Structure formats: structure tokens, C-alpha cells
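Before any comments, here is the structure.
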Amino acid sequence: MNQIHSTILKKGILNIKPQIRNITKCTNTINYNNNNINNRYFTSINKNKNIENLLQQQPQQQPQQQLQQQPILFVQNQNNINYFKREYTNIGGTSPNRQSVPENSTTKTTATATVETDNVVNSSTTFTLPKEVEEEIIDKNERGKEQEQENKQQKEQKDDNKSGSIFSIKGWLTISILSVLALGTKLVIDPPQNIDKLDLAFIRNLRVLYAGFKITFYYKYYLMGLNRGDEGFAENIQIAHKLAAKAMVDLCYQNKGIFIKVAQIIASLDHILPQEYIKSLSIFQDHAPFVTFEEVEKLFKIETGKHPDDMFIDFERLPINSASLAQVHKAKLKLENDEIIEVAVKVQYPGLMNKFQKDMDSLDNVLTYITLFFPSFQFSWILGEASSCLSQELDFVNEAKNSEKMKQLFIGNQQLSIPKVYWNHTTKRILTMEFIHGVRIDNREGLDKLGIDLKELYYLFSDIFAQQIFVHGFLHSDPHPGNLLVRKTPNGKPDLVLLDHGLYKKIDENVRLDFCHLWKSLCLGDAKTSEFYAERLGAGIYAKHLGILLNLNPSKSRENLRNMKRELKDQTLVVINEILKNLPKEILLVLKTNNLIRQITTHFGIENGFLNMAKTCIKGIYTGNDIITKLKYYLTLCIFNIEIKVIDFIKKRKPPQVEIPSTYHHHH
């Protein structure tokens, strides 16, 4: 009998897949002592004496029989019995030299070595492993399972960290696809009567959905696996901001109308939102897409039944300005006394009313979509207020009435001009006003040519808006440099021209008084009093942060906001959302006005300009005309001026300890 070549495990062989034709290699985890290799067999001698002796004691000679297979080496245990039976049942027939494996045999671990020499099986040896070896094999198997499970959990946790959300990339791609399908299904089930409207609505909604998808993708992709403070986070989030802002610009430019207005609102929040958004969306403050004269003609036919040339003399075909909701044409109007004057004709974009509600629904959907992936972004409630405001702006008759009311409130002010309305040429979608020549308030070069004193102009400008907020409680709520022109009065004083009166907000009397006290206390750096009135206004536990959003001191607004972000960390957006959501809606528009005032203050290089408004807020506290109220006003104003001078003196002597008005910011 030829020498029996056997392969024996040191402590048992676990989970090794048998090879049928050639055994050419073995796993690195099994310790073999290689003594001899021929062209057909792999032979090794195990040094485990206990197992070797056991084999010698239990030899079982098998009859010689021709086989059609190569040597088979395996371990019978509960993990590979079924695998072995499945793989080898039909190989080599049912030769008696193959060790039978009972299906239910899981109580003992056995090893079978089937050895072949020159296509003849010489022996087959079956043995039972010692108990300690068997236990070690089973223990090793269990440890392997535990390690595999632990690795799997670590991989899942790593994937979750990379996604930055409960949603994986696959998840939000699925949501995007389902959103498109849902939108298409709705249009199929309930299509508009006019097929053109179907195409328009479908395309506009797809643009919104696509923009929302891109914005979400940019942030998920560039911030994947990064947390605030990590290396590369600042650089990557700037890239994401820039790309997301471009996606918004593309969307607003394509959909026009309401979307341009939303872009203007976003561009005005420059002390809250990233500068990448502000720079990109500011283009819509002055340059919005306009419609052709043919569209204007159609609107005139619908509104008046006439052609523009039948109503005006020399109606210019190209608009001199285009905004979010309308464009302005210059024309000449012949009055009843045959006087010919220049007028500005504001024409609403055709179809805007029909698109209004659909566009608001689309914006609501995309904000909800973004909120799924960024839970801290909870600003969709703003759309409700925006919807109310925009419905007012779309009514030009309402705008005309607002302008006349504003003129009455400032009837004694010789340095404020409001264009006259020509009612006979005005409808809900066409507004005809006096044309006034002037220079934009942010045009420094133009103001210098006029010889305007910038400090005097700033005090005029801030006082007019302070009176609207603190005294009259009737606020022009769409202020931006394009709506403010400057010209000279006959005596050389600056004359402020206020345009676009479509959106005004009536401020509740109690809100107005509380806001007056809040502003005064912020100017004095009185943290306790300012927090008291901020709570009354609805800021709640975040009352101490409201002053930062008001940014009374432009030179400190960015620094104060950075301090707030450091304190709140990743909760900054959540806190801002809670403050804005719970404040009276009038205050939201006050914040927008404050942004403009801050911009002009910075542009003109005015220091402590907020103090001028503080004096007006004191006047708002004492609005009565009786002698007692007037005495209280002058006494309070005198005390206020003294306090400001004392604080300013201390600030100059000890600048690190006292700041105006950010003295309260160390409480944040």
C-alpha cells in the first residue's frame, strides 16, 4: 500500500470550502507544516500529538475503488454539513468510500480525510475530536460571529455619519423620484382645462422641484461626513452656498414673478444669511426680467379696453425699470387744462394673479422637501406671511391708497416727496403716477454731484422710517435703495422721494409701545429691561438674542452674530426660527427696514446713527398732545441724552469693558 498522504488540522479545520479537482492552496489562518508536495497532492503533518495518536488508534481500511475526484478535506460541523451535502451529493456517485453525513448530526464535530493515490482510494479515516479541541473550535466560531456582527454595526454607523441625516443618499434620491411621480400623477388626474396652462404649470413646478433637489444634493455632497469645526468644513460649505445660490438665481430668473420677490426678500437678510446668497440674489434688486410691449398691450386691452397710445402721449415701448411684480414705462399725459406732464406707468406682469397661488404652493413644497434633510431649517411658516403681503402688492388700487395715506401722515414735512396718483388712469393692474427725477440713495457719486450732505441725508432718511415705526405705526414694508430717490429742495436741503407703496403694515398699538421701550433699552445697553420687553413681544427664552437680529450698531452686527453662533453652535438657525416665528408679524417687516437702515448707515460711514432713531422712539412713547405728556417727553429725552453721553465717555476711557449698543452682548 502506497504511503498514505494525510492532512490533519492542528486544532480543527473550520469553514474551508472543499475543492473538487485540485487542492492548490490553503488559508493563511491554518498552520501547516509542509513536508512534501507532488504534482497531485498536498501533504502536511500536524504536530498535534493527541490527534495523531487518535488517528492511529482508529484506522478503518476501506476497499480500493476507482474514483473520479480529487482528495476532499472538510470539517463536519453545524455550519458546513448542509453546505457539503449540497455541493457533493452528486459527485462520484454513492461510493461507499465517502463518509456518510447524517443531516441531523450536529452534536459532535468530526473530521474525515479521504486520501487518493493514483486514482485509487487507499484509506478513509474518521475520528472524533477531543472535547477541549471541539470547544475551542466552537468558541472560535462564536467569536468570529460576534466580530462579524460588530464590523457590520460599525459600517452602518459610519454610513449614517456620512449621510449626516436619517436619510441615506439612496433615500433622498428615492424621495426625489417619488416627488416627481406624485407631481405628474396629480397633473394627469386633475389637469387644467387649458393645455397651455398644463404645460406652464408642469414646467414651473418641475423647475422648483429640480432646484430643491440640487440645493439638497450640494449640501449633502460637500458636507458628507463633516461637522462644524472639522478641517475642510468652512471651505466646503462656502462651495455649497455658492452652488445653491446659483441654483436659486436660475430658478428665480426662469419662473420670474413671485420668485423674484422671494429673491429680493432673501437678499435683504444680509446679516443672517451667508454672503454667497446675498451677492448672487442682489441682482434682482434692480434688474428683473421684463415682458414685451405686446404683452403690455394685451393687459391694457383687458384692464381699460384701450391701447396705451389712446391714453398717453409718447408711451415708451421699453420699460425704464423692471421689478418682481411689474415694470415701469415712461409716458406723457395730457391733463384737463391741456398741460402735458411726465408720468410713470406701472404695469403688472400678465398672468401673475393666475400663477400666484400655484407658485406659493410650489415654494411651500420645496421648503418642506428641504426641511426633510435639514431639520433645523424650519422657515416654511414665512410663506404664509409672504402670501398675505404679496396679495396686497398685486392690487395697485391699494398701493395708490397707501401712498395718499403716507402723504397725509407727513403733510408738514417739506423734505419728503411722494408721487401723485392719477386715478383716471389707474386700475388694479395699472398705476399712473407723477414722474420724479432723482438719484438713488446708494449712489454716492450722484449724491456728491448734487452737493448733498450725507450726514444730513441719513438723519432725514432714518427719522422718516423711525416715525413710521415708532410714532405712526404705519410702515413702508418694501424698502430698498431702488425705492428711495434723492433730489434737492429749492433751499438746497436733501429731499427724499419714497416710491413703491404696495406693501404697508399697520403695527398694533401695544406692539408699537413695547418696541419703543425695547429700542430705548437696547441703545442704553440695559440688558434686563431689553429682555423684559423682548419677552413681551414673544421672543420667550431667546429674548436676549433679539437685539442681535435688530443690529442697532452696524459696526458690531457681524461680531455680535458670530458671538451668538459660537454660543448656540448648530442651534443658531433653530433659535432664529423660534424668535421670528413667535414675534408679531409686523416686527418681521421692521427687521427688514432695519436691514436697509443698517446698509445705508454703513454706506454713508455714519457712526452711532441709531441714536437718532432712539430719540424718535422716545417720542413714540409720549405721543399725546397735552402739556403733561409733552413735559414727560422732553424730560425723558434730556435724561436719555445725558445717559448716552456718560456711556460714550466711559466707552472711550475703557473700550474693552463698555461698548455701545453691544454692551449687552456679553450676556449672550
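Cβ coordinates come from backbone N, Cα and C, glycine included.
Binding of ATP is annotated in Swiss-Prot for Ile320, Asn321, Ser322, Ala323, Ser324, Leu325, Ala326, Gln327, Val328; the matching candidate from Lys301, Lys306, Lys346 at the same site is Lys346. Note on Asp478 (active site, proton acceptor): other Cβ atoms within 10 Å of its Cβ, all shown chains, come to 25. Looking at the residues that bind ATP per the record, Ile320, Asn321, Ser322, Ala323, Ser324, Leu325, Ala326, Gln327, Val328, Lys346, the two CA atoms farthest apart are separated by 14 Å.
By the criterion of other Cβ atoms within 10 Å of the residue's own Cβ, the least surrounded of the binding-site residues Ile320, Ala326 is Ile320. Just so you know, the Cβ of Ser324 (ATP binding site) picks up 24 other Cβ atoms within 10 Å once every protein chain is counted.
Counting every protein chain shown, the Cβ of Ser322 (ATP binding site) has 20 other Cβ atoms within 10 Å. In three-state terms derived from DSSP, Val328 (ATP binding site) belongs to an extended strand segment.
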